[in-house]
Amino acid sequence: MAKTYDYLFKLLLIGDSGVGKTCVLFRFSEDAFNSTFISTIGIDFKIRTIELDGKRIKLQIWDTAGQERFRTITTAYYRGAMGIMLVYDITNEKSFDNIRNWIRNIEEHASADVEKMILGNKCDVNDKRQVSKERGEKLALDYGIKFMETSAKANINVENAFFTLARDIKAKMDKKLEGNSPQGSNQGVKITPDQQKRSSFFRCVLL
């Protein structure tokens, strides 16, 4: 049977329990919202195929449990991930503070050149906000990664976040393919052009 896609990208959603990872995933994969999801047990995944630059990209998106007791299971899935979304809840200060711990997990268990993005979820609940957008932006800048505020409930920026991450992964892959020589393959993941790309993103998105 012929393949129905040109690329397969494995993505991972990580963050504390209750920040809305499952809701973000369902909004993107099913265009649906359910406020009564129970906490993910272990790990689950959804698939959605999107089109970018005339190519069909199959996104396999893994939703991980945020509880400490599942940490050993979920970190095993970091290794093959090409993109990781770190999710916190803007109404929960602790979930934001823990993003640094989640980044340490990525550094320990994931590929060195994995694409990352921080999502401040539940931005529709502004009256209960504990974490300002500026703090989210600063944290992302500290680590040199992208940031967006999202709402699975109000369908704000969810689609944009996944498409942006997929586009960055594809750009990195294309760059590696272009430089298929021994020197070129290493240069495909140079830090400098990536940082330039990120800085231009912030000028456009974080206004």
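Note: Cβ is positioned from N, Cα and C throughout, glycine not excepted.
Residues annotated as GTP binding site in Swiss-Prot, with a large-scale study or a structure entry given as evidence: 17-23, S35, 39-40, G66, 121-122, D124, 152-153. DSSP classifies K122 (GTP binding site) as coil under the three-state reduction.
Annotated motif 'Switch 1' per Swiss-Prot: 31-45, in sequence order.
Confidence annotation: the motif 'Switch 2' (63-80) carries a mean pLDDT of 71 in the model. Summarising the annotation, Swiss-Prot assigns motif 'Switch 2' to 63-80 and lists similarity to another entry as the type of evidence.
According to Swiss-Prot, the feature phosphoserine maps to S181 (among others).
Marked as phosphoserine by Swiss-Prot on the basis of a large-scale study or a structure entry: S185 (among others).
Among the features that Swiss-Prot reports, cysteine methyl ester is placed at C204.
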